[in-house]
Amino acid sequence: MMAGCGEIDHSINMLPTNRKANESCSNTAPSLTVPECAICLQTCVHPVSLPCKHVFCYLCVKGASWLGKRCALCRQEIPEDFLDKPTLLSPEELKAASRGNGEYAWYYEGRNGWWQYDERTSRELEDAFSKGKKNTEMLIAGFLYVADLENMVQYRRNEHGRRRKIKRDIIDIPKKGVAGLRLDCDANTVNLARESSADGADSVSAQSGASVQPLVSSVRPLTSVDGQLTSPATPSPDASTSLEDSFAHLQLSGDNTAERSHRGEGEEDHESPSSGRVPAPDTSIEETESDASSDSEDVSAVVAQHSLTQQRLLVSNANQTVPDRSDRSGTDRSVAGGGTVSVSVRSRRPDGQCTVTEV
């Protein structure tokens, strides 16, 4: 009998702690022990199973997923929607936790409602509150939080700016869920985008539309010249005209220095309108259409006197060391009655031939 009693006592000690001693062995099935979390190294609170079959606390998986979407043991990827649709080992345990074991429970503020703390955190808060502490620290999802029991707020220890209200209230108030796990299975609420809050809050982040800012173009805008859009690389018509005038002016100046004796040509003395300079009136070189026609009638006289004019030019150039431009410009010295003139004028005909006439 003594041995039998010893065996009976030994079998009772081998039973799980949650099994009553007066329960019959034949009427109960062997129960599974609560697994331990490999992240927090404690007994799992609301254990969830990953696709790789590893089991962790729900909040531990949530905190680890922010650092990397992989299992903490085998490094297998965690599905994107796992936190919204976790695989609970015991859904009944979640409902039992929401009902609570006492009269009061602790809650933290969420969007459009309150969340109930998990059992472990609720015990820590209740213990600090009963002892009259002003604040206490909580480890939630790998982050240290400070619960200010005077102002009834919580915040991260290294980030005091973001605060969340907390409260101690009766267990039967309406709530959204426990520790980020929803009690309802509404598909519309499950798929809401939630912020990365370690305590399981579901504050919906403001989903603003993708704003596309216009890129600052490195190309200069098109400029308008006389109502026409021109590119900065494309020269304007005025610029091309001024360039042509500049080249013409350079060519004329080169011709003037090379052949000072040919300054009698009419077109070389005309200034471009764009140069902005008003030339002195020179009637001897201003050539009109009537002058050109009268010169064509006197072709024979011009040819006869061509040799005489060249001799006179040579004599005048030899006598003058510094030729006067005003004297050589062919100033009009016409004499009434067909008088002779000592200065000859060289004009350009419309056909491009140069003729020398005496006035």
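Yeah, the Cβs are placed from backbone N, Cα and C, and that goes for glycine too.
Model, not experiment: these values are computed from the prediction.
Among Lys131, Lys165, the residue that Swiss-Prot annotates as ubiquitin cross-link is Lys131.
Considering only the recorded sites Lys85, Lys131, Lys176, Lys95 (ubiquitin cross-link) has Lys176 as its nearest partner by CA-CA distance. Of all the recorded sites listed (Lys85, Lys95, Lys131, Lys176), Lys131 has the fewest other CB atoms within 10 A of its CB. On the 0 to 100 pLDDT scale, the model's mean across the zinc finger (37-75) is 89. Cα separation, Lys85 (ubiquitin cross-link) to Lys131 (ubiquitin cross-link), rounded: 38 Å.
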